[in-house]
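Accompanying notes for the structure given below.
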Amino acid sequence: VSMNHTTVVEFVLLGLADSRHLEITLFLFLGIAYFLILLGNISVIGITLTNNFLQTPMYYFLRNFAFSEIIFTSTFLPSTLYSLLTERKTISLPGCFLQMLFFYCLGACTLFHLAVMSLDRYVAICHPLHYTAIMNNRLCLQLILSCWALSFLSMFPPTIMIVQLPFCGPNVMNHFYCDASLLLQLSCADTGSIEELMLITLIIILPGTVIVTAVSYGCIIVTILRIPSSAGRRKAFSTCSAHLMVVAVFYSTSIYRYIRPAQRGGQDSDKVLSLFFSVLTQTVNPFIYSLRNRQVKQALKERILLFS
């Protein structure tokens, strides 16, 4: 890709802290979080692949969701950990652009996965007798392929337009990964059309997937309220409440971070919001969506006993 008049050869990411003591603390915290993300999601993938009674649409979607979570966090967390440990704050232009491309594409993929999983739970709880017929293998494959295709088709054009911008001035970003809004501020060209395109894309993806997820869980809650057994209602609500809490945190922080007008130069609050939806929710996702499930826990116990 041609980048005419570009004199900047690397960007400086200020990171998450301005003191060495705080950097070491954050390195330990994020290192543990990254380890839990990998451990939890790899466990979900391994367990759902090797147990015959977990070969259902719900676990098929969870397995793909876990795979996308691993790739998503791996686009920026290893480099963030490296910068915290070594105090190296720079990233090359190609590295920055690749990180931005995969971060936004895989972030959009996470949103689509959440919407698809909520639809799956809606069909399973609200239409249990038709669940197998509706969620057949062909439809499940089509939904997963649509998640990946829509993510890259929607986020690829604006990120490629950013790559083609000239950068000939300041090269410092107040963030811990290459953020598109901050890159646009550093460009020495007119970025109005790109900003409008990115805003339109995010407005379609974020509220669109929110509506699908909210309507699905709304119907699920109405169905749960009709369960005659109070114990059954409590059990169903305990599962749904955990899911809804993660979804609410992820969507609210993402919408506030990217739908509102960008702050010139970046703000420390933006980094905190980014930590919430890109690290904290990913840390608890495998445990809330999968490892709290009775069947998954039973399969995990059997594997532990087998290896021990």
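Note: Cβ is positioned from N, Cα and C throughout, glycine not excepted.
TrEMBL lists 24-49 (among others) with the feature transmembrane segment. A Cβ distance under 8 Å defines the sequence-distant neighbours of the transmembrane segment (24-49), meaning residues of its chain 6+ beyond its ends; these are 16-17, 55, 59-60, 62-63, 66-67, 69-70, 73, 77-78, 80-81, 84-85, 279-280, 282-283, 285-287, 289-291, 296, 299-300, 303.
The domain 'G-protein coupled receptors family 1 profile' annotation in TrEMBL covers 40-289.
Annotation source TrEMBL lists transmembrane segment at 61-85 (among others).
The transmembrane segment annotation in TrEMBL covers 97-119 (among others).
Positions annotated as transmembrane segment by TrEMBL: 139-163 (among others). For the transmembrane segment (139-163), same-chain residues at least 6 beyond its ends with a Cβ under 8 Å from one of its own Cβ atoms are 1, 3, 57, 60-61, 64, 68, 97, 100-101, 104-106, 108-109, 112-113, 116, 119, 180, 183-184, 187, 193-194, 197-198, 201, 204-205.
Summarising the annotation, TrEMBL assigns transmembrane segment to 199-225 (among others). Same-chain residues lying 6+ beyond the ends of the transmembrane segment (199-225) with a Cβ under 8 Å from its Cβ atoms: 108, 111-112, 114-115, 118-119, 121-122, 125-126, 154-155, 158, 233, 236-237, 240, 243-244, 247, 251, 254-255, 258-259.
What TrEMBL records for 237-259 (among others) is transmembrane segment.
Annotation source TrEMBL lists transmembrane segment at 271-291 (among others).
Here the transmembrane segment (61-85) has Cβ contacts under 8 Å with residues 13, 15-17, 23-24, 26-27, 30-31, 33-34, 37-38, 40-42, 44-45, 48-49, 91, 95, 99, 102-103, 106-107, 109-110, 113-114, 116-117, 120, 140, 143-144, 147, 176-177, 278-279, 282, 285-286, 289-290 of the same chain, all six or more residues outside its ends.
The average pLDDT the prediction assigns to the domain 'G-protein coupled receptors family 1 profile' (40-289) is 85.
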